[in-house]
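Asks: If you scroll down you'll find the structure; I have some questions about it.
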Amino acid sequence: MESYLNQNFDVKAKHSSEEALEKWRNLCGVVKNPKRRFRFTANLSKRYEAAAMRRTNQEKLRIAVLVSKAAFQFISGVAPSDYTVPEEVKAAGFDICADELGSIVESHDVKKLKFHGGVDGLAGKLKASPTEGLSTDAAHLSQRQDLFGINKFAESELKSFWVFVWEALQDMTLMILGVCAFVSLIVGIATEGWPKGSHDGLGIVASILLVVFVTATSDYRQSLQFRDLDKEKKKITVQVTRSGFRQKLSIYDLLPGDIVHLAIGDQVPADGLFLSGFSVVIDESSLTGESEPVMVNAQNPFLLSGTKVQDGSCKMLITTVGMRTQWGKLMATLTEGGDDETPLQVKLNGVATIIGKIGLFFAVVTFAVLVQGMFMRKLSTGTHWIWSGDEALELLEYFAIAVTIVVVAVPEGLPLAVTLSLAFAMKKMMNDKALVRHLAACETMGSATTICSDKTGTLTTNHMTVVKSCICMNVQDIANKGSSLQSEIPESALKLLIQSIFNNTGGEVVVNKHGKTEILGTPTETAILELGLSLGGNFQEERKSYKVIKVEPFNSTKKRMGVVIELPEGGSLRAHTKGASEIVLAACDKVVNSSGEVVPLDEESIKYLNVTINEFANEALRTLCLAYMDLENGFSPDEAIPASGFTCVGIVGIKDPVRPGVKESVELCRRAGITVRMVTGDNINTAKAIARECGILTDDGIAIEGPVFREKSQEELLELIPKIQVMARSSPMDKHTLVKQLRTTFDEVVAVTGDGTNDAPALHEADIGLAMGIAGTEVAKESADVIILDDNFSTIVTVAKWGRSVYINIQKFVQFQLTVNVVALIVNFSSACLTGDAPLTAVQLLWVNMIMDTLGALALATEPPNNELMKRLPVGRRGNFITNAMWRNILGQSVYQFIVIWFLQAKGKSMFGLDGPDSTLMLNTLIFNCFVFCQVFNEISSREMEEIDVFKGILDNYVFVVVIGATVFFQIIIIEFLGTFASTTPLTIVQWIFSIIIGFLGMPIAAGLKMIPV
């Protein structure tokens, strides 16, 4: 079975081809209810629609760019636009409407933009200030929203409960049973009168309705859980200026006229225009499919919603929001496309198909045998041409039994149990600070064998402070010095240092609406800016004093950032750079000495500074070097900032403490067979110090630098990679290479953490991409499968635990359901063949189907994880889903149940002294009761596939206890009070005790089976 499934029902957890998704759908035979079975699978037709829309966008934008280029040449000779402002817009105090704004940006219409007075003119017409932003007055914002719309995309409406009821009724076998029930009612009432003749038909109708409502309730609850998670996925905040203050705002609250601050890695939240900024490069591939990035500046100011900032930073003016944007229309189609189905869903669809075909064969043979038996009886009595109403009803009952065998045999609940388990796990993981973006990540994480983790913010707290410095060649302990440090730095050097700190930064010092000073930016930038403030610097004055000519933002390839400013005295230019200490120091040929003078950097000074860097790093401090350079030969903004010839101002050591609980989590991973590797851009000594503190770097492991790793041959990598525990000074491509090698060459299941834009390739390549919720950019989150909301490594371990729980819970459910399938099939089939009668009626089989399907999934697929899960080795990439241990348990239980039922059929009447006209009914009721109690106790045994103690933690899962309790309660009701509908008769206390004992005996047998090695 496993090889058949791997050949035909095998899809990847990520990036499956459309052909693979189509293939398994075409192979799915014997589907009782396609609407329900394929509800949580991708809608391929909607995906093709979205792809076509992307191609249209690409063509539109290509034409728009060509037209705008042509417009530049003719713009001066064109007559003014004949645009007239609609009356309602005028009445509201605006001079431009939403449609006109939309057409300017979407069509890249330079001509229209010019006619409206450029970006500043449009801001005026929108009554928005490019510096102060919109007013926070609620009435003003509400009026603007009514006129220009909200920044939300049209979503499919939530289906009501009755839609799920209707979809549950689409089950082909239930429809056939419904027809059987209707015919049974007509024939029964015609032959036996009302109400006696209606019992069989009404019994089947009641069973069908019970199955439908229980199924619909379960499906409806699931859909609500997915809806809640979908809302969480779409929560994105951006930096906005309103009423002169910078603040974080949800993208859903944005309105035309808002001033938004974008940085590298951000997603453009709505259509708009570039106001000011540097080196802005936009990736439009998500909207157009075009991989070539686009430069955005004053000449090409158009920014489209849904595109990503690949480089640079800027301020933008929002012009168009929500469904008026191309992204809004595309998203509406994309969301209907749905998530890819998970590998387990597909695999279990395969299992359901195989067993469904076997069940269909058995059902047809059972019906044929029963009908043949009936004909033989009639032939022997010579009444084969004479048919009574009772005989017609008997024939109908045979047909209903055959259909019900199909109901029981086709385990439609298998693929749906995966979704139920995943929905449950995703909801609980949300409470544990992990937001799952792709369903498949839940189950894949359970198989993870390697975690490649960032250092900063994941293993450490990301609360950074400068604790040591080496400014003007003097090493100082800032943590103890405080503000007295500035008196020890020469005035000229202090001025240079403050100039470097406040101008060469991606952060900002602002005054918030409460009048307090607030530092915005990454934790590293915040630490440096705090140092600048403690040295007596004033951020706003410093920024006003110098004109910024060029900015090169930090990126993890260069490991540094730079800025060129124009000095007020004489208009000369100066470049400042800041970044990885050894890289920036290597670009320096001069240094500021203890007297504040610039002197050449000799061998002794270089050695002194390198020793200082290593000392700081060995104390687990992150080191940065600050340097400057006077550009005496002039500089053009189109040029790159020089890579050498700098003067070193100083080195700072930043402390970022290890998170509490990380060491224990790393140890837990090691016991669980998961290797943790640290991949960081930091200095190798800093990385090693932190890795030792976390327990990642052991005596037999090695730490390597990215540039060294890059130079290794494939043969060397084969020997090296298993030993690598720390990779320092790594570039994004080093990380990508490591992940690819681990996945392909070593067949590992790899989870990777990332927060920056450049981490996207590694997150995309990994089996499970984990993005940081706090420090992560939107680009990283978009490429990830799970977002770690608190940026904590311990949460990653929790995700692994939940992943294992999902995988094992589904295995438990599959084991339980296949046992019921096998026994129900064989009992009815063999009984029909040998005695010409089936002991389990249609109504009884429908009840059994509900126990094993919806209720069984609820009980077993929602078991919460326990710490024992992390003591097992991971399944890995090649593990069989239906293991030998599962087959052992399924076959052992099936044989026991089959023997018990056959024994009762053969010896039951004499054993309990049953005779008289009701003896067969009494025996069949007893068989049905024993069969159900076997399933109840087997469900308890299925809680553990290998462990003998199945009661451990049973009360922690209240769903399980409720399901077992409800099953027993309704079984009593069916036997004692619903006999006329369910073809049962009340049992004696001895028979009840016997049924329970027979069911309970399955538990010691299950325990004995677990001792058999496989």
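Glycine residues also receive a Cβ, built from the backbone N, Cα and C atoms like all the rest.
Nobody curates TrEMBL annotations by hand; they come from automatic prediction.
Annotation source TrEMBL lists domain 'Calcium-transporting P-type ATPase N-terminal autoinhibitory' at 5-49. For 116-184, the entry in TrEMBL reads domain 'Cation-transporting P-type ATPase N-terminal'. If you look up TrEMBL, you'll see 235-333 marked as domain 'P-type ATPase A'. Positions annotated as domain 'Cation-transporting P-type ATPase C-terminal' by TrEMBL: 838-1012. Marked as transmembrane segment by TrEMBL: 172-190, 202-220, 354-375, 395-425, 886-904, 919-937, 958-983, 989-1009.
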Asks: Determine how many residues of the domain 'Cation-transporting P-type ATPase N-terminal' (116-184) DSSP places in helix, in strand and in coil.
Replies: 40 helix, 3 strand, 26 coil
Asks: In the same chain, who gets a Cβ under 8 Å from the transmembrane segment (172-190) while lying at least 6 residues past its ends?
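Replies: Non-local partners: 32-33, 196-202, 204-205, 208, 211-212, 389, 392-393, 396-397, 399-400, 403-404, 406-407, 410, 842, 846.
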Asks: Can you count helix, strand and coil residues in the domain 'P-type ATPase A' (235-333) using DSSP?
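Replies: Each residue of the domain 'P-type ATPase A' (235-333) counted once, the result is 18 helix, 48 strand, 33 coil.
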Asks: On the 0 to 100 pLDDT scale, where does the domain 'Cation-transporting P-type ATPase N-terminal' (116-184) sit on average?
Replies: 84
